Amino acid sequence: MKDDVLKQQAHAAIQKKLGYAFRDISLLRQALTHRSHHAKHNERFEFVGDSILNYTVARMLFDAFPKLTEGELSRLRASLVNEGVLAEMAAEMNVGDGLYLGAGELKSGGFRRPSILADAMEAMFAAVSFDADFNTAEKVVRHLFADRVRRADFQNQAKDGKTALQEALQARRFALPKYRIEEQIGYANDSMFVISCDLGELGFVCRAKGTSRKAAEQEAAKEALKWLEEKLPLKRKKK
């Protein structure tokens, strides 16, 4: 009974920070339910929420930075829409207090796990769209990301590893890299991935580890990019 009251209080606080009050509170509960809880969970919600988030931030950047190219806008969006930023935002909103987790996840500190927090944020954007409509969900995203977009500085945003490697290979007219899972160590909720990055005709393959597939791919891409720039530096055009 006490846990129910605490969850209700947490959900009320989350809605206040979202700037939106749910008519159907069960949608918010599902958005905050991890698959380990063995109930209606939030994975399908994430699918919709990810699209809402990416579109909205893309439009915000499009309007805020009229002189940036498509590639520059994509990199800037990647610096704002990622697991780290979403998890940070969720922590600021105390989303972890409102999560429904299975016993194993709860014991291992799942309410602090960045991937779980980030997924819950995306799921909540979807839940708002289901409870109201797309425009309302867009307003919620704009409300949460307004300050971050205002502070965004393209010149200080480092390209993510995979994007930088792709552009470097294209500039040298080589095929795109291939990523493959070489090994997955540990259990589903506490895994370590080993990913290989293969540069094909260049004959270079490297491996990297990460706590998620995406993180490992980024690290492998950075290693491959370092090798590429050392072995095949681009000649600067004379002015």
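In case you wondered, yes, glycine gets a Cβ from its N, Cα and C as well.
Per Swiss-Prot, the Mg(2+) site holds D119, E122; the candidate it also names there, chosen from E43, E46, E201, is E46. In the structure shown, the C-beta of D119 has more C-beta neighbours within 10 angstroms than that of any other entry among the recorded positions E46, D50, D119, E122.
The average per-residue pLDDT of the prediction over the domain 'RNase III' (11-133) is 92, rounded to a whole number. Helix, strand and coil counts from DSSP across the domain 'RNase III' (11-133) read 91 helix, 2 strand, 30 coil.
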